[in-house]
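Notes for the one structure printed next.
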């Protein structure tokens, strides 16, 4: 049953009362400061205003200042009981039958702001960012492209969630331009390596988990408790420079080919909001080691879509449709593996899923796969692309389809702009 709010929410909106994703925003007013909010329809509910009105009156939240902070780190660090208390409070306040906010015109004026009148910021201060490699279809395609079809996936991939430590400082919020990176590429013949702007800038369709409570250095998180350490998910475009990456990645893995920019959506959709859309994860063969075996192995049925608006054109073209449920390694397995050596996670840390590709060509999650490393140009409404050109804008959408409503993530977009000379 669709929950009903006193705020009008269209059926196609990503932000019904069933969702209530969290973000950080600034009102478009001089001197305004960042503060937490939740999305409801076409509005943002200012949680600092709700807190100032003493409406977070439950035992876990009434004495905290977590909603008067410039990021969500304090709140996500409180843990699942506090998240559930906040969700219950907000769903009640915004419901059609609750008069406290509905009938208080002065409070509504302060606390409910049209989305068009706010600036969205990064939702958390990201201390560390890890990027996983968890889609079997993506791993197989990349291996086939670079090593051939005989042995496309390395043996270790089926035994542990592969990842590398990525760059947190270059994570930006949706709508931020991405400057084409410069770097080295493979030499031609006996010449020196190429140096200059990347010729193979790509998008990567990913999602990312936001860590809630962390763990102490030297301790681990049990895989069956890992969901209590994950606040929610965002859309992520982990931009890649394939030519720089291909030249540098042996022997230590990605570096400059990945660290120039990563875009995330501004709204964190909580695992509680996603729970009605949980689904069985793919069967893992061989069975993983004991510390990765889950009592119930779950993914989420999140439809994902990528559009490219080529430079100089008015319209965007859908280039791929995939789904979060294609992930072989679950986010809870990723988190448990991340801590198995005693590594300490902290509130606000981020870990990306890796590119989410499905089994069919129309569900591949990056241009590397869609164009088979440039061999098969992609048709985009009268023009073609093998990789991204300056002025191209890439937009991700993601949502779960309910009965008469959606639980969505909004948009995650960025435009490639020229490298400085």
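Glycine is treated like the rest: Cβ placed from N, Cα and C.
Remember, TrEMBL labels are computer predictions, not curated facts.
The number of other Cβ atoms within 10 Å of the Cβ belonging to residue 138 (active site, proton acceptor), over all protein chains shown, comes to 28. Taken from TrEMBL, the feature active site, proton acceptor applies to 138.
The feature Ca(2+) binding site is assigned by TrEMBL to 131, 204, 206, 238. Around the Cβ of residue 206 (Ca(2+) binding site), 29 further Cβ atoms fall within 10 Å across all displayed protein chains.
Counted within 10 Å of its Cβ, the other Cβ atoms near residue 245 (substrate binding site) come to 21, all protein chains included. Summarising the annotation, TrEMBL assigns substrate binding site to 133, 147, 245, 249, 355.
Taken from TrEMBL, the feature Mg(2+) binding site applies to 238, 258, 262.
Taken from TrEMBL, the feature domain 'Fumarylacetoacetase N-terminal' applies to 19-123. Under DSSP, residues within the domain 'Fumarylacetoacetase N-terminal' (19-123) fall into helix, strand and coil as 41 helix, 24 strand, 40 coil.
Note on the domain 'Fumarylacetoacetase-like C-terminal' (132-396): its mean pLDDT in the predicted model is 97. Summarising the annotation, TrEMBL assigns domain 'Fumarylacetoacetase-like C-terminal' to 132-396.
Residues 133, 147, 245, 249, 355 are recorded as binding substrate; their most distant pair of Cα atoms lies 18 Å apart. Neighbour count (other Cβ atoms within 10 Å of the Cβ, all protein chains): 26 for residue 204 (Ca(2+) binding site). By neighbour count, meaning other C-beta atoms within 10 Å, the densest spot among the binding-site residues 133, 249 is 133. Sorted by the number of other CB atoms within 10 A, the binding-site residues 147, 258 start with 147, the lowest. Every protein chain considered, the tally of other Cβ atoms within 10 Å of the Cβ of residue 238 (Ca(2+) binding site) stands at 25. Take the Cα of residue 262 (Mg(2+) binding site) and measure to each of the binding-site residues 133, 238, 245, 249, 355: the nearest one is 238.
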